[in-house]
């Protein structure tokens, strides 16, 4: 009280002695103008960064929505699509260290703007094969233009077809082979996604650091939360854009759509996948424009100029107005940091809570990334849904559930003031119940479609358990059919046949999608049925399948919400179990491990596992295996859900180990403490040395990759 009274006396005495002039008013007005310009500048940057987050999340989710389209368009297996999907992470890792270190010393807004241009260039490159590889060709019986003329799909003798027609057909095939042999256009998609990953690299570290440096301290967390919220909206629009483009035919604008004889329900249908990449590329270009006009530095808020605690940017980056003596100090500081690298690494990996949580996160992200990457494919194959409807459902239902789950996790922690142990319990509980719900999806699948020669025998004369798949039978033995064709027709007996020739059809009438085949010797319940007919396209799945799809959607949404609730508590647990001076280093190791050990390999081995369930592979024009045309529904369900569940169960065991270590290292008083930072660090032995201040740790509850892994 004495000190404060003396200060007040001194203050009033100064006011009486010093004359009041207009300079004080000028300084106050300049300070207010500086504050307004600071707030205005940071808000403009905030709006621009939010738009960039939206753009990169939109393009990333749109890639997920086109997985099956890319497979069919380029005739590649799921494992190769997994490599294409993982190339984004590879591009990101190539320059992450350079951008994080040197980017902070340069003009950060312009580096982000350059990254947007690179990201848009990669997005445009992904779409380029559409304009260079010619029109999409699918397998289809050449229907007649005049319904009075009848062609026989079952060619007992090649003399039935005029020689000129065979020669022209063979010439077209040879020309296609020559063109296809010299090009593997999917490489451009891989390189484009790699370039997109490189361009995305500076957005997160430099953008978040810029806000943290120049925003008012109490507003920084709010601004970062706004950016993350906008980032969650991006995938919603990405999948909705994928739904819209999947409805349009791949060569829309280039061919007469009336001549297209396949529908979106056909396994050979390819939507206008390239159109969405052009739209996403334009959005990325527009998002990068404001950063070229933003200043390198903004005036710092008054609250931070005299503050003893400064941001990481002000601690480690030398400003231009420093004297020359700071360069030698910087060299000494860098040498000291390099010398302290190995001890810091040893200290970090000696923390059992950090190591166990890192292992749990790596395994869990393997499950989540693999599940999200192939979820559209699983819905299409398991429930017979179109790509358009699948993307619409994921974008409009699943992603909002994930976003709401993340928000709920943070709200629960704040409302109930949950501490470290509580965060560990909440994270473990959400994972356990989430994977328990996932277990129920095994009972919500559809049976295989009845495909003659693949899932059932011709005329169903033998049970499926004793049946060995073969496309040839006595009923089509007199036809010159190819086993490599995939041109499915639906017989009036409810069985799908791989082609009209393999169905033994003797005549056809109509054109395009209305083509009808007659006198199909393989269609019917007995070989005496000679008047059976069939129509173009595969038969629909059983009557129970739509009901199962509805059940799947309900459980899937609840599962997504439940798993997402534990995201924010788990991330807070990670922050509060490490020493404050190792926070940035620990988060860097965490992000690197997730990208290298989960983001890159998960789509690849999930794709390899899914490929093992294929029943009918497509064939390229020049030979070789193409994309899968038909999957074993039961095997796909067990492989896809089983692999996800096994990985999730292993991660739960690691989470239990984390909780056990926390209980062992914490006192009973720690369990009752609130989440305000008044606790010892949970992963070390010394409570004094590892005291954690909440103001230092909880700068942002950012879950790495959450906007791209929905």
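Numbers run from 1 along the shown chain.
Using N, Cα and C of the backbone, Cβ positions are placed for all residues, glycine too.
Per TrEMBL, these features apply:
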DOMAIN    45-666  domain 'Major facilitator superfamily (MFS) profile'
DOMAIN    469-524  domain 'Kazal-like'
TRANSMEM  40-59  transmembrane segment
TRANSMEM  80-104  transmembrane segment
TRANSMEM  110-132  transmembrane segment
TRANSMEM  220-250  transmembrane segment
TRANSMEM  270-294  transmembrane segment
TRANSMEM  354-372  transmembrane segment
TRANSMEM  392-412  transmembrane segment
TRANSMEM  424-444  transmembrane segment
TRANSMEM  548-575  transmembrane segment
TRANSMEM  587-610  transmembrane segment
TRANSMEM  639-662  transmembrane segment
Inset, instruction - Tell me, please, if the transmembrane segment (80-104) and the transmembrane segment (392-412) are in contact, taking contact as 3+ Cβ pairs under 8 Å between residues separated by 6 or more positions? - result: no
Legend entry - Integer average pLDDT (0 to 100) for the domain 'Kazal-like' (469-524): 84
Inset, instruction - Six or more residues out from either end of the transmembrane segment (220-250), which same-chain residues have a Cβ under 8 Å from its Cβ atoms? - result: 42, 46, 49-51, 53-62, 64-66, 69, 73, 130, 136, 207-208, 211-212, 257, 260, 264, 269-276, 279-280, 386-392, 394-396, 399-400, 402-403, 406, 698-702, 706-708, 710
Legend entry - Most Cβ pairs under 8 Å with the transmembrane segment (270-294), selected from 40-59, 110-132, 354-372, 392-412, 587-610: 110-132
Inset, instruction - Output the single range from 40-59, 110-132, 354-372, 587-610, 639-662 maximising the number of Cβ pairs under 8 Å to the transmembrane segment (424-444). - result: 639-662
Legend entry - Stretch with greatest number of CB pairs under 8 Å, the transmembrane segment (587-610) reference, 40-59, 354-372, 392-412 candidates: 354-372
Inset, instruction - For the domain 'Kazal-like' (469-524), give the DSSP counts of helix residues, strand residues and coil residues. - result: 6 helix, 15 strand, 35 coil
